Amino acid sequence: MERQRRFMSGKDEYQFQHQGAVELLVFNFLLILTILTIWLFKNHRFRFLHETGGAMVYGLIMGLILRYATAPTDIESGTVYDCGKLAFSPSTLLINITDQVYEYKYKREISQHNISPHQGNAILEKMTFDPEIFFNVLLPPIIFHAGYSLKKKHFFQNLGSILTYAFLGTAISYIVIGLIMYGFVKAMIYAGQLKNGDFHFTDCLFFGSLMSATDPVTVLAIFHELHVDPDLYTLLFGESVLNDAVAIVLTYSISIYSPKENPNVFDAAAFFQSVGNFLGIFAGSFAMGSAYAVVTALLTKFTKLCEFPMLETGLFFLLSWSAFLSAEAASLTGIVAVLFCGVTQAHYTYNNLSSDSKMRTKQLFEFMNFLAENVIFCYMGLALFTFQNHIFNVLFILGGFLAILVARACNIYPLSFFLNLGRKQKIPCNFQHMMMFSGLRGAIAFALAIRDTESQPKQMMFTTTLLIVFFTVWVFGGGTTPMLTWLQIRVGVDPDEDVKGEPSSHQEANGFDKSRTKAESAWLFRMWYGFDHKYLKPILTHSGPPLTTTLPEWCSPISRLLTSPQAYGEHPKEDDLECIVNQDELAMSYQEQASSPCSPPIRSGLDPDTSPQTPSKENIYEGDLGLGGYELKLEQTPGQSPLN
């Protein structure tokens, strides 16, 4: 008997390894098909189905094959045995079977409708990812790439509007979705589809928080390909990046909201505790990510790692990932930490890297973002058939679709109206309609929903989220190009020329007077940019004025220690600084010319007849802070040599 048990154990271990290889092989083939499809779409300029939608289609087909072409491995799987003595569900269950005691772990609650022999299908079990894989492996490179590749020129021009949509808009969305879904839950209870007490108001708010995470990756990819108006692109991209961070922290805060008595009754103490948790977690995650970026900037500045680009790139990658892991270990939110780590790395550390490392880091995170994003969308298609505990409730699904549309409208239109009251550069109606149309759901909402599927309400939320993601990616994403044409939104715009050039008649018709951007962006960032240019950039990078000219004389020992020797050599002229502020391209700025001691010497000043870099479709040398049209005037500091 013991020998037979050992043989079965070895056989199970071999079968487990075999199933793991099958799982990886399936995803490998799905990615190969996706890449070939992307090439086909780009070659034929096919924009009615984005690559993420194609990945979901392939995942659906593969999930359908796995679901119905594989047989259960255990004949006893799906059989339910009654345990009359158990009044609750223990986390660990010890079962005596023919004088042999076996240990079983609690996994999740299963609906009566989902009891079937497929519950024991080992292939389907292996195809169901551990939710932590999404948060610890797949999501960090996506979020970091969003921060590291942020187009800060237009981002900071519209920062006030972006913050309003990301914070206040997300709060409005989650409250509206929560209230509408609570009404539908009451209707389901009245119709006898739910028991009273199974679905609380806090569960509706939880669903509202995870569904408020927009992810218009399909729309943004088409915008980038068509070179849509940069202000519209920036409003959508900036909102989605910060909105993801807000939605993740908000979901965590709602999940720990615990009223002392009735979950359906408002508890002021628990509410303010959740608000405090939200602010504390967000601020702590922001500080954690920024701190790791500062450490990376100092290491790359004061060491000669630039002489070894491979080591420099490795250190950059590991410290950036450490920001995520440290935040998670400290019970903060790693997604928020890695987002702001990416923004700060692009602003400071990027200036210190060698030219090889700049190229490698840009391409590395772009590649990781591409793979992780397509794996997630492939898995979404698989999960519709391989996840074995779906709960399809028509009323709840219809409520979810109605709720996200109403919440998006309550977010975009009222906030745009109030923003336009204080903006000289108005947000036109066609931009608002396009932003309303672009409220897709994607990887973040899916990852938040799949992270907790233990109870039947959470399983119902996950199924509804999956269907909403399918619908928005396929329908709204596929309709992006016709919608741009119908709303008469201009395409084929060069962002740099658009900022430098005079406004066209079409721009004036939309209310976009680019010459007014200077006055609007200056008041937000005059103080920040002055502080950053005089103190932070010289401390963390090789650029900027020497600290010996900006700090008091009694700080001269520290100033000499922290100031890079390159900062004494060359100073940008006033027109150079105008180029830095306007263009936001490191390769065209003084910072790039004198950033790294390992870079070959480049003559100071910009030749007006020669561009330092040949324009291309994708400029990988991006990352400096840009303020649009804000004109920076240099002040003569005592002890500083006059500019040539």
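Cβ coordinates come from backbone N, Cα and C, glycine included.
Annotation source TrEMBL lists domain 'Cation/H+ exchanger transmembrane' at 33-486. The region 'Disordered' annotation in TrEMBL covers 590-628. Among the features that TrEMBL reports, transmembrane segment is placed at 20-41, 48-69, 133-150, 162-185, 205-223, 235-258, 278-302, 314-347, 367-387, 394-419, 431-450, 462-487.
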By Cβ distance under 8 Å, which residues at least 6 away from the ends of the transmembrane segment (278-302) in the same chain are close to it?
245-246, 249-250, 252-253, 312, 315-316, 319-320, 322-323, 326-327, 330-345, 348-349, 352-353, 540-542, 564
Winner by Cβ pairs under 8 Å against the transmembrane segment (314-347), considering only 133-150, 205-223, 431-450:
133-150
Who are the chain neighbours of the transmembrane segment (133-150) in space, where the CB to CB distance is under 8 Å and they lie at least 6 residues beyond its ends?
237-238, 241, 244-245, 320-321, 324-325, 328, 334-335, 338-343, 345-346, 361-362, 365-366, 368-369, 372-373, 375-376, 443-444, 447, 450-451, 622-623
Please identify the stretch among 48-69, 162-185, 235-258, 367-387, 394-419 with the greatest number of Cβ pairs below 8 Å relative to the transmembrane segment (20-41).
48-69
Does the transmembrane segment (394-419) reach the transmembrane segment (162-185) with at least 3 CB pairs under 8 A, where each pair is 6 or more residues apart?
yes
Looking at 48-69, 162-185, 205-223, 235-258, 462-487, which one has the highest count of Cβ pairs under 8 angstroms to the transmembrane segment (367-387)?
48-69
Please give the sequence-distant neighbours of the transmembrane segment (205-223): residues at least 6 beyond its ends with Cβ less than 8 Å from one of its Cβ atoms.
47, 50-53, 170, 173-178, 181, 232-233, 236-237, 239-240, 243-244, 247-248, 250-251, 254-255, 257, 373, 400, 403-404, 407, 438-445, 448-449, 461, 464-465, 468, 473, 476-477, 480-481
Give me the stretch from 162-185, 235-258, 462-487 with the greatest number of Cβ pairs under 8 Å to the transmembrane segment (48-69).
462-487
Residues sitting near the transmembrane segment (162-185): Cβ under 8 Å, six or more positions beyond its termini, same chain?
155, 194, 199, 201, 203-205, 207-209, 211-212, 234-235, 238-239, 241-243, 245-247, 250, 395-396, 398-400, 402-404, 406-408, 410-412, 414-415, 419
So if I exclude everything within five residues of the ends of the transmembrane segment (462-487), which remaining residues of that chain have a CB under 8 angstroms from its CBs? That is, six or more out.
47-50, 52-53, 56, 207, 210-211, 218-219, 222-223, 226, 228, 377, 380, 383-384, 387, 390-393, 396-397, 400-401, 404, 430, 433-434, 437-442, 445-446, 449-450, 453
